[in-house]
Each structure stands twice: as structure tokens, then as C-alpha cells.
Amino acid sequence: MEQNQSIDQFKGKTRLPGFAIPKKYELHLIPDLSACTFSGTVQISLTINESTKFLVLNALQLVIQNTCFTNSQGQQYTPCDVVVDNDDEILVLVFEETLTVGGATFKVTVTVPSELTALSNMPVENEKLDGVLKTVYFEESPVMSTYLVAVVVGLFDYNEVTTVDGVKVRVYCAVGKSDQGKLAMDIAVKTLDIFTKYFSVSYPLPKLDLVAVPEFAGGAMENYGLIIYRENELLYHDLYTAAAKKQIISYMATDILFPEWNIWNKFLLVAANGLRMDALEKSHPIEVEIHHARSVIEIFDAVSYEKGSAVIRMLQGYLGHVTFQKSLSTYMRRYQAQNAKTEDLWNVLSEVSGEPVNLMMNTWTKKAGYPVIHVELIDNILKFKQSQFLLSGQHVDGEWIVPITLSVGSYERQKKFLLETSHGKVDISELVQSIGDDLNSNKKKHEDGQENIWVKVNVNQSGFYRVHYEDKLAIRLQKAIQNNCLLPADKFGILDDGNALCQACEQSLSSLLVLMDVYRKEFDYVIVSKLIDLGWDSISGEDHSISLMRGEVFQALATFDHDKTQQEALRRFQILLDDRNTSLLPANTRKVAYVAVMRNTTTENRTGLESLLSFYRSTDVLQEREKILRCIASSADPNVVIEVLNLLLSDEIPDQDIIYVLWGISIEGSETAWRWLKDNWERILAKYGAGLLLTNFISQIVPLVNSDEKADEIEAFFGSRMNHSIVMNLKLSIEQIRVKARWIRSQIPSCLWNEDFADVNHDT
């Protein structure tokens, strides 16, 4: 094979060649924390599967000083050439001699200043002190992927507890913050126990460290035995952390540990974001081919995460919890400490369940998009038709193997089946008849009941698809909502589907407004009306959902310039300036005050912004700093928005936190933000590089505008400024602009004075 190899053959490839397989890495690192650099050595044990004159490794931002290869007989080979390709992020070692055929473990060693703590995936085996330095030797790891290897060095406090199985769990954080890590430690210990029972597999390592890092671009990284988090994603402060953030900290096993939180209802928002992004023509499959190393960054998006998790939940809902758990347990035991492919998981699920999981899941993971299911009822026969749902309104044929669940008149009357072709039908006569039997005692009630029997497809909103009901079924569902017959998840799903269908111009704005009007009667159920009685201040023992709802509703009112809400928020903010720990602005409503402050900040009156920035600079509470950053760009004044965005070009805001500012840009500031991005693109590129942080500027600013003219302008601007890390993000963002532009053109002129619209508002 070596005769056919050349260095060019390895360029532009998404994976390393398979003729050399690593078996073990011995890594010795010497970090220089003051210069943010490191030096070191790595010894890689590998197996040569095919004769070669080349060894190809991944390498990024490395300076290679010495290399050699030693075979199993002790013969040493020095490469005649060492080629570093920075674009493809590879290192190629070229040998004159042929290297003949002959999951990796890792043994890590780190040399650091003696006063610092060094952590890696495995426990410390030994330490050797040498003056002001110490060398820390870690135990050899089990077989694991290279991307899970981690080293952390710093000054830390920690909390520690040992599980009943003998696993040592520690939460490391900056000195002085150990109390804020206790919730995470408690949840980690309980979660290990839950998953040990769920998977019937013990946690395989002797320790688990969770580390809160002050500056970390991602939310977290799941390194084996050493999970690294952004500080505010792990630490919890009783006074400053909102209830919603507490849910995120413990999300993994929340449903078991805190059933009263109804976390699966909150998961609907996660799935909805995946549905929104995957309805774009420029979307990508969950399993996507990567053509350049730097393009990897772009696939960590709503499709990979939100759609990925939602599709797994859909599968679990169809197979049933018991079968799903049994399948995962079998899979974990069968492939423990081995490499496994996605298909291996599907095969085990098929084997245990007896369902064609492999065929079904391939339609969901290997191609982009998802279906909209059109449903009509004719003589107790439900007819289904599927096609791909696109926000652009394009009509595209597409077939998925769709797990359909449906309820008829009651959650006690359900059916489920696989829709495997473009059309299908189900006879629900038996379910309808059972309802009729219950109503037979009252003839009038029986007749009314037969007329109003509702059908809800996608029960509990567990499926990753939209549902478009014919008018008759839609009206029945609206009555079911009014009569409080449906679960909260299904009420949410009907409204979310209606909104999406309207955006795609598959349903008129007036139809959506009619549907929304039904939810006015929902206030008691979703607690909104209780906020009128409860006001701003929480009461002892109030429901967790009320605390969440209070902050959400008041923040929306402040954002939409509701005068009474803003005035009360500003009054409380003035008290906060004098007393940082005032009970008048607890964690769940503090952002309301910050939004109100910024909505009243103008070029002529900047005191609000100055007060918030002063507050930001003087507090070391991360949760408080995050809240402020999320709000300071919410001013309606373009000049204030530009002033805030300019902070992102300074060292005022840590790089990892820029996303919070971008999330908070006001509607009025959307075009201003785009002009700022265009004017400062070169400075942004120089400061943030071509990585994950750069993509945030594209995904959060570009889609804010809403005209085809702006979309054309953006395409022209980036035409000569494209790089691998923003290609997909830019295409998706521009498509979102065109979707909004199309909707505005098609809906607004015809609906502003539509009679249906007037009817909806007649009694309000």
C-alpha cells in the first residue's frame, strides 16, 4: 500500500487513515499557566495494520520538536520529514523505511508548580516534588477515546463524598466557592446510583471529578472521570440562582429526583427548538459527514443536541420505558470498553423489542428534516398523509417511519402504530364505540359526545413531527382545550404546531389567532392568573412552577414596555442599589428589573446602563453577572445597543460570556446589531478566531433582520469572507431571514383587517 501513499492523499480528509491504530498513550504535560502554553511529550503505542511509510496524527497549534518510531523489536526509525498541515489539523511523519504490520489506554503525567492541583481522568498514582515543581503521575486509564482525555491545573477548593459503591465524587471550584458546589455533588452522587440501576452497569472508574472552570467556551465537556463545566452551569448560589438554573444543574436525572418539577414539560421547549431549526432547508442530519476539521464546530447545534435527544425520547415513548431500559442495559453490557457504532445500538433495540428500530431510526438520523402529518377523520377512519415540513413553505415529498401515538376522547383510549409510507389509515371505531357505551345513559349527552369526540395525535408530544388537523378535528381539539381535557404537553404541542404551520404559510394568521384565543381560558391552569393575586413577592411553600412563571411573565411584560410592570421593577431596582440582598428582588424576578432599567435607558439617559455595569463590575457572583449580561442589550435605543456591543471588542466581558449579551439584543436593535457586525467583522475575527465563539455572532445577530434585501446584503458581505467554521451557520441564518420575509409578505397585508381577526378581538 505504501507505494500509493502521498502526503496529498491525507489532506482534506475527515478521519485519519486506518493503517495505524493507537493502543495506548503516555502523556506528560508541563503547563506554563502564566503564558497559557504547555510543553511535553507523548509516547503512543500502536498497531500497524498495513505496511506504510507514513504515520498521520491529529495536531492543532503544536510545535513539533522531536519524533521517532520504535518497533516491537526495539529498532528505531527517525522520520525523514515532518509535515504540519494547519488547515487540515494533521501531522504527517514521513519515513524512508517501510513500517511493517505489527481503543487505546492513557497514562498521563503532569509537571506543575507545587502549590497547584493537577487533575486528570484517573486518580493520582504518585507525586514527586522537585523544588518549586511537582510531577504528578496518574493511573493508567481503561480504553477510551482520545477526545475524552483531560487535564486540569489550578488552585481549587473541593467538596467530596464517597458513594455506596466506593466511587469518590468531588466537585472542584475556585477557592472560596465550595459551598456553591454542594448541590451539584449531591445530584452527582444520586445520579450515579440511578444510572447504575438503570443500565445494570456499575460506573467503571474509581472517581468522578466535576470541575467548575471560570472561563470555558462550552457549557460542559464530558471527559471520562473529569467533567469540566462553565462555572455558572455547575455552581448554585441560594440567593442569586434562579429556579430554572437549578433545574439545569440537575437535568440528567431530574424526573426521578424531583418529579414535582415536571421536567419533561420543560423538555418540550428543547424539542421545539430542534423542530424549528430542522424545518430549514439548509438543515443537516444528526449523523452528518464532516468534510473539514473546523466544520465540526458547526454541528454542535440544535439539530445534534435538541433533535438528537428528542428523537431518542420518541423512540423510548414508542417502545415503552421497560423495553427501552432493558435494551440500553443489554447494549451497555455488550459493548462495555469497546468501540460501538450507532447501528449497534439500533440493532440491540430491535433485538430486544422485536420492532424494526434500525430501519426506523435511519430515517431520523441519516437525513435532514422531519414530517408534518396531515390527519382527517372520515366515518371513524383516521387518514394520515406525511410530507416533509419546511418553514419555507416548499412542498417536498419525504417518508419517515413515524411512530404514531393517538388518543381518542380520553387518555385511557389510545392506539399506536408505525406510519411506514406516505399514506396510512387507522380504524378507531372500537375506541369511539367505547366512548358511546359510556354515554348511552343520556341520549342528548350521547349525541353531543359523539359530535365532540376529540383525537389527539402525538400523545404527550413525544414524537418529533408536526400534526396538521382537518378543520373538524381542529375544532374538537379546541373544545377539549377549553374543557381542560388535555395534558399540558398536548396543549403546548397543539399551539406550537399551529404557530409553525402559520410561519410556513400552511395556516392563516387568523386561524392561529382563533386557536390562541382558546388559551385565554387556560389562565387558571397555567397559573398566569394567580400571578395577579401573588404579585411580585413569593410566599412560603408556593409551587415551583409559580416561581418560574412569575419571572417569565413579568419579564415579558417589561420587555413589551408594560408601564405598571416597568415602574414597579424600577422602584425595586432602586432599593436593590442600596441593599444588594433585598428580598424585594429575589433571583427569579431580578432580570425583570434589569430589563426594565434597560428599556428606559436612552442616549440622553444612560444612568440605568451605568448602574448595571457598576453592579456587574462590583459583584463576583457569576449568576448575577450572567443576568446583567443577558439584559444590557435590550434597550430600544440603537446608540445604547452599539455601546453595549462594543464591550464585546474589549476585555470587559470574558469571551465565554459574549453569548449572553448576544441573546439579549432587542428587536429594535436588530438592524443596528447587523451594521455593527459588518463594521467590526475584522476585529471580531481577530479577537475570537475561527472557532465556536465566532459562530455565536453569526447565529445570534444575522437572523435578527427580516427582509430579503438584508439577506442579499449579508450574502454579498460574506461572499468574500467565508471560512469553514461559519458556512453552515450562515446558510441557516440567511434562510431564517428569508422565511420571516416570506411570512411578512404573505400574511400581514391580508390579516391586519381580516374579519376573523376582528371577531377574535370583538369581546376582548
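Backbone N, Cα and C define each Cβ position, glycine as well.
Taken from TrEMBL as is:
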type	residues	note
DOMAIN	22-99	domain 'Aminopeptidase N-like N-terminal'
DOMAIN	104-148	domain 'Aminopeptidase N-like N-terminal'
DOMAIN	184-248	domain 'Peptidase M1 membrane alanine aminopeptidase'
DOMAIN	249-364	domain 'Peptidase M1 membrane alanine aminopeptidase'
DOMAIN	454-532	domain 'ERAP1-like C-terminal'
DOMAIN	533-738	domain 'ERAP1-like C-terminal'
SITE	Tyr305	site 'Transition state stabilizer'
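Each residue in the domain 'Aminopeptidase N-like N-terminal' (104-148) has a pLDDT score, and their mean in this model is 93. Sequence-distant neighbours of the domain 'Aminopeptidase N-like N-terminal' (104-148) (same chain, 6+ residues past either end, Cβ-Cβ under 8 Å): 22-31, 33, 44-45, 58, 154-156, 168, 172, 204-207, 209, 211, 222-226, 337-338. The stretch from 22-99, 454-532, 533-738 with the most CB pairs below 8 A to the domain 'Peptidase M1 membrane alanine aminopeptidase' (184-248) is 533-738. For Tyr305 (site 'Transition state stabilizer'), the same-chain residues 6+ apart in sequence whose C-beta sits under 8 angstroms from its C-beta are Gly274.
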